[in-house]
Amino acid sequence: MTATLERRESASLWGRFCDWVTSTENRLYIGWFGVVMIPTLLTATSVFIIAFIAAPPVDIDGIREPVSGSLLYGNNIISGAIVPTSAAIGLHFYPIWEAASVDEWLYNGGPYELIVLHFFLGICCYMGREWELSYRLGMRPWIAVAYSAPVAAATAVFLIYPIGQGSFSDGMPLGISGTFNFMIVFQAEHNILMHPFHMLGVAGVFGGSLFSAMHGSLVTSSLIRETTENESANAGYKFGQEEETYNIVAAHGYFGRLIFQYASFNNSRSLHFFLAAWPVVGIWFTALGISTMAFNLNGFNFNQSVVDSQGRVINTWADIINRANLGMEVMHERNAHNFPLDLASVEAPSVNG
């Protein structure tokens, strides 16, 4: 009898926990994805803050020349970063217990792997939580689909690119100047500016910004006035009201006369689908481009491709970009190698003795 009561008590306790996790009445929805998301994102955030402030220098290139990234070791907010895991570790899974000591783990950049892997799990679970809440509320799943674009971008630079290059040391540093360094080196090694998928991503981001600004300004300029001229137009509305707050026909007419008729939408659903799809598809393409360049399927290279009838090179902007790429490549990791591979004219001598 006692065992039966205990089983019922535990079952009801588990049932109450399940109801609480999946309840849409909570101020913040938890969800089953949230059960994983909360600890992983808290871990990533906590380790990031501690490491950004106090982590010792990391031997990123695996050549016993550690690079400082934390505030206590001479950096500021702009120059500081979580330095990627050492090239000596490569793609090995490197938790704290795999190192001989905590000092060794810090020296080899263990915090970077810890942060990136927990962050990746966290953002994937956040995307799943968006779908889960939409499902509970009877909504369509497109919010999670839109969020998949930044998830794909983060996955590309933090996971796919290091896997393709063979080491977490090639991942993007977690800091402002570290991000810029990653971008410059990426251009030098992969000519990303000449990759069509990057061009689509630029069109997606800048186009999305332009369309959002146009949409917001058109909506706020075509509000349906519910007040007198002596009162603010904002006083005529309440949050969540069923009636429309702006006149899409007026906005459509204005924009159609400003550009041409078919440049504007007269259907609200089509308009908002376009506003969502344009930047999302652009960022999807950028993430796909990073993922292909991770395996050295690089941007277009027109190096010395234009010649005259005598065989002399006619320099183009593409040649100038290539020269800039070579200059950037010889500047980075200057002590890890003597020359970049594409500047070496002969094979390296044997070191077997």
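Cβ coordinates come from backbone N, Cα and C, glycine included.
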The annotated transmembrane segment range in Swiss-Prot, which must be one of 118-133, 246-261 | 118-133
Among the recorded positions HIS118, HIS190, HIS215, whose Cβ has the fewest other Cβ atoms within 10 Å?
-> HIS215
Where's the emptiest Cβ shell within 10 Å among the binding-site residues ASP170, GLU189, GLU333?
-> GLU333
Nearest to ASP170 ([CaMn4O5] cluster binding site) in three-dimensional space, by Cα, is which of the recorded positions HIS190, HIS198, PHE265?
-> HIS190
Which residues of the same chain, at least 6 past either end of the transmembrane segment (118-133), have a Cβ under 8 Å from a Cβ in it?
-> 24, 29, 31-34, 36-37, 40-41, 43-44, 47, 139, 141, 143-144, 147-148, 150-151, 154-155, 158-159
Of all the binding-site residues given, HIS198, HIS272, HIS332, which residue's CB has the most CB neighbours within 10 A?
-> HIS198
State the Cα to Cα distance, in Å, between HIS118 (chlorophyll a ChlzD1 binding site) and HIS215 (quinone binding site), rounded to an integer.
-> 37
